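Noted in Swiss-Prot for the protein shown:
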- 5-25: transmembrane segment (TRANSMEM)
- 78-98: transmembrane segment (TRANSMEM)
- 105-125: transmembrane segment (TRANSMEM)
- 152-172: transmembrane segment (TRANSMEM)
- 176-196: transmembrane segment (TRANSMEM)
- 227-247: transmembrane segment (TRANSMEM)
- 251-271: transmembrane segment (TRANSMEM)
- 294-314: transmembrane segment (TRANSMEM)
């Protein structure tokens, strides 16, 4: 009984903490963008604007839920819910030492969840029955699939080195030296791929205001929009955490881990405040002509390195 209840309580606490983290990430983003644009940002609600995200949530969920006449009702309503469910499910592969869930195949679980995330975007765009939403959805799907290839290859090259699919072994492996020191180009590729994967500036083509209004979520209002928004920011937070686990290997219980996590999240926001939007064809060229060859080369290098070390031992 106790063994059955503890993982449930642990996962519930995790979901609550992620939601609170996402709320304050939006506040951090608005504050940082405010200071980048030489203004204050939110500072009225609560002490220095601390309660702003909660008032935003109340405002969004109390608004009227519109229903486009031509939309496919069930898929239109369930795609944001499924999107949020997937982005919260990915958090289960965090390398916890406590008795939550033991994931020996955490890397594969992460790749499966991110691949499934494509369908929610596609269905959200298609079920709205709006041309703009469909175009935004198609762009987002093409972009996500393109950058998932380089993400998977980078992870595969590290798996060859670490020899395990568990994220916990990444932390044990980097006791003496971080991966970022001898794989710096790979770290930059991973960061750029994360930006593309989460549809962030400079790769936010699903939301090109000048052409597609707001992208695949253009027909969503109040609750549906809030769920898509939560899913996006939850995946940003998770990608930042994954960058820290893979490249800046630190103990998940140390204060330094959360300091690094905050810094990587800040980089996501900083990039949004400073870089203009990329061109769509250049985005695709970047994925297939630059990132793919680089990650493949690193993969071959790591395989060769592993074979070399094994041949030295035996």
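Numbers run from 1 along the shown chain.
Note that Cβ sites are derived from N, Cα and C of the backbone, with glycine treated the same way.
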Residues of the parent chain within Cβ reach of the transmembrane segment (176-196), under 8 Å, 6 or more residues beyond its termini: 143-144, 146-147, 150-151, 154, 157-158, 202-203, 239-240, 242-243, 246-249, 264, 267-268, 271, 283, 286-287, 291, 294-295, 298
Considering the transmembrane segment (227-247), which listed stretch of 5-25, 105-125, 294-314 counts the most C-beta pairs under 8 Å: 5-25
Same-chain residues near the transmembrane segment (294-314), Cβ under 8 Å, at least 6 residues beyond its ends: 150, 153-154, 156-158, 160-161, 183, 185-186, 189
